[in-house]
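Q: Annotations per TrEMBL:
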SIGNAL    1-22  signal peptide
DISULFID  Cys32-Cys49  disulfide bond
DOMAIN    63-214  domain 'Cupin type-1'
BINDING   Asn108, His113, Glu118  oxalate binding site
BINDING   His111, His113, Glu118, His160  Mn(2+) binding site
Amino acid sequence: MKGVQLLLGFALLILASSLASAYDPSPLQDICVAIDEPKNAVFVNGKFCKDPKLAKPEDFFFSGLDQPGDTANRLGFKVTTVNVEQIPGLNTLGVSAVRIDFAPYGQNPPHIHPRATEILVVLEGTLYVGFVTSNQLNNTLIAKVLNKGDVFVFPIGMIHFQFNIGKTNAVAFAGLGSQNPGVITIANTVFGADPPINPDFLGKAFQLDPQVVKDLQNKFMNGD
């Protein structure tokens, strides 16, 4: 029964995402430098399409989302991604999905999806989730504690997070309005950039001692 409820919730989530206005075909990768000679091109805005007459069921299929992700890491969470890389048939459809597993007190740290709105449903456990609005709206935190069966939406481009505040494992599924939403984890991006951003600049921006910035850069660049 539990498995049926899980899959039903996931199906409803994807249906809701597919009925929403898709964000694509805006940029589907971080950069796409124009090139005059097509034979030297390595990307298009999306992926090249196969002849539809050659399509097969496997092009639209993924198995294994019922399997828990490995949360034995520093942050205690694991995202299992199902986007166009896993299901080629998602190309041009403007939708994808993830499963997020949390160990007790595990967290999906502050991040953004540059190309997608996210709608999340909690299948097990209790999560504290939220997003922060832009400078235009005074960087307002909009957050809520979610329990099993609760749904929350993270608008496109907003910094957001999920935190398991319970003593047991938690599981959530999310639908995203892009075949390739992308993810930018804030701390990793700022302090783990390669080559590193000037620590004096970051020190002033974050009101930190430059030496503290250097210590953070060492941690994030070394994967600590």
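For all residues, glycine too, the Cβ spot is worked out from N, Cα and C.
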Q: Out of Asn108, His113, His160, point to the one nearest Cys49 (disulfide bond) in space (Cα versus Cα); all of them are binding-site residues in the record.
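A: Its closest listed neighbour, by Cα, is His113.
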Q: Of all the binding-site residues given, His111, His113, His160, which residue's CB has the most CB neighbours within 10 A?
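A: Counting every other Cβ within 10 Å of each candidate, the maximum falls on His113.
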Q: Only counting partners 6 or more residues apart, tell me which same-chain residues put their Cβ under 8 Å from the Cβ of Glu118 (oxalate binding site).
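A: For Glu118 (oxalate binding site), the qualifying residues are Val153, Phe154, His160, Ala174, Gly175, Leu176, Gly177, Pro181.
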Q: Within 10 angstroms of the C-beta of Cys49 (disulfide bond), what count of other C-beta atoms is obtained when all protein chains are considered?
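A: Total other Cβ atoms inside 10 Å, all chains included: 11.
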Q: Which are the residues of the chain, Asn108, His113, Glu118 excluded, whose CB is within 8 A of where the CB atoms of the oxalate site average out, their centroid?
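A: These residues sit around the oxalate site: Val98, His111, Ile112, Ala116, Leu120, Phe154, His160, Gln162, Ala174, Leu176, Pro181, Val183.
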Q: Given the recorded Mn(2+) site (His111, His113, Glu118, His160), which additional residues of the same chain have their Cβ within 8 Å of the Cβ centre, ordered by sequence?
A: Ile112, Ala116, Phe131, Phe154, Met158, Ile159, Pro181, Val183
Q: Using a 10 Å cut-off, grab the number of neighbouring Cβ atoms around the Cβ of Asn108 (oxalate binding site), all chains included.
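A: The answer is 26 other Cβ atoms.
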Q: Could you give the Cα-Cα distance between Cys32 (disulfide bond) and His113 (oxalate binding site), in whole Å?
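A: If we compare the Cα positions of Cys32 (disulfide bond) and His113 (oxalate binding site), the gap is 18 Å.
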